[in-house]
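Engineer: Handing you this structure, nothing more for now.
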Amino acid sequence: MGAATSQERSGALARAWRRLMGLRKSSMAKAAELAKKAVKLGQDDPRRVTHSLKVGLALSLVSLFYYLQPLYEGFGVNAMWAVMTVVLIFEFHVGATFSRGLNRLLATVIGGAIGLGAHHLASLSGKTGQPIMLSFFVFLQAAGITFMRFFPRIKAKYDYGMMILILTFALVSVSGFREDKIFEFAHKRLSTVVIGSSACLIVSVIVCPVWAGEDLHRLIVLNVEKLANFLEGFGDEYLRKLEDSDLNQDKSLFREYKSVLETKSEEESLAIFSSWEPRHGRFGFRHPWKQYLKIGALIRQCAYRIEALDSYLTTKFHAPPQVQTRLEELCAEMGIEAARASKQLSSSLKTMTTPSSATPHLEKARNAAKALKSLLKTTSWNHATDLLAVVHAITVTSLLIDVIDCTDKIAESVNELASLAGFKTVEKHL
């Protein structure tokens, strides 16, 4: 019995040790995986690391109002509001930080003012009626402001400020019921909010600023490039499908246009932040964010046409031999010229120069479309397979023309942007 018990204990200890070692290895593997993800996250955008350090710096600065006795004596425990302000308003982009800071500041001023007014009116009703009046004012203000938050324009730009307005009003009006020095309380709260907001804005602007306007500019440039990549590879891909070739091709660039369809919310948020920014780097004081949204909408329209066009690349058909080669050439030419126009637009946006050479490529694409239409009209289609081929060809031609029209509209919008933003004009040398 003793030997059996000893063996059981040894086995239990061995199993526990193996589990412990397995847990240790699993924990180390997870830690290594987490470290790899963290490194990749920082490598993808080094500004994320800088932003983290900036938040730590701003928070350390305002914490001095709590740590240093002379500063603490001036604000007391209210200094914690400065710390909370930094945590709540410091955002990645300067415009977002400025938006939240200004929202918080204005909401604190307005909420504090009407809170003091509500406290004064409630005090006129006596000790019995004061809590009833304060409760009524809190209900009325909270219900009214909450309903206002449902308005789209207010929701987009002032939602955070509305929440702070409710909070500040409630704190000032309710605290006034038990706090004798209500004016001092409101003054210290406003002062600490100003201190916290100022620290965030100073650090955000001075230390490696990240402008939402420039990120919006880069996003639009990248989206135009993605459309150009598809159109550039359209001819080769279209002919490859017709020839039933087994060549393998890297589709990563060719299919990148799909991500353009999902950038609307990102563009809109960057545009809103751009409208708040006090300056915009190379754009001067005012950023033409509305024009960027217009270009972004046109790019998505073009991407939807391209998505429809892409679906026809998987469909095989054989036109009559006398028109097959010419049809392929014209379709490829339309795609190539549209791609060249898109590349020119992307290049002019990237270098912030006035686009000048996109129009000739669009004209060549339109001439190819006219020639293709003429070819389809003058060709005799006899068999059922021929009819399927002509329907396919007409559909592809129509979609390509839609893409060219969209590209033309993008070019017009880019020209408008060049005028608004003061793009450089490239001198042509003869």
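Along the chain as shown, residues are numbered 1 onward.
Quick reminder: no glycine exception, Cβ is built from N, Cα and C everywhere.
Note that TrEMBL annotation is computational and uncurated.
The transmembrane segment annotation in TrEMBL covers 80-98, 105-126, 132-151, 158-178, 190-212.
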Engineer: Considering only Cβ pairs under 8 Å, which range in 105-126, 132-151, 158-178 makes the most contacts with the transmembrane segment (190-212)?
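Structural biologist: The listed stretch sharing the most Cβ pairs with the transmembrane segment (190-212) is 105-126.
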Engineer: Are there residues at least six beyond either end of the transmembrane segment (132-151) with Cβ under 8 Å to its Cβ atoms? List them, or say none.
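Structural biologist: Answer is 114, 118-119, 121-122, 125, 159, 162-163, 165-166, 169-170, 173-174, 176-177.
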Engineer: Six or more residues beyond either end and a Cβ under 8 Å away: which residues meet both conditions relative to the transmembrane segment (105-126)?
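Structural biologist: Answer is 132-134, 137-138, 141, 161-173, 176-177, 182-183, 186, 189-190, 193-194, 197.
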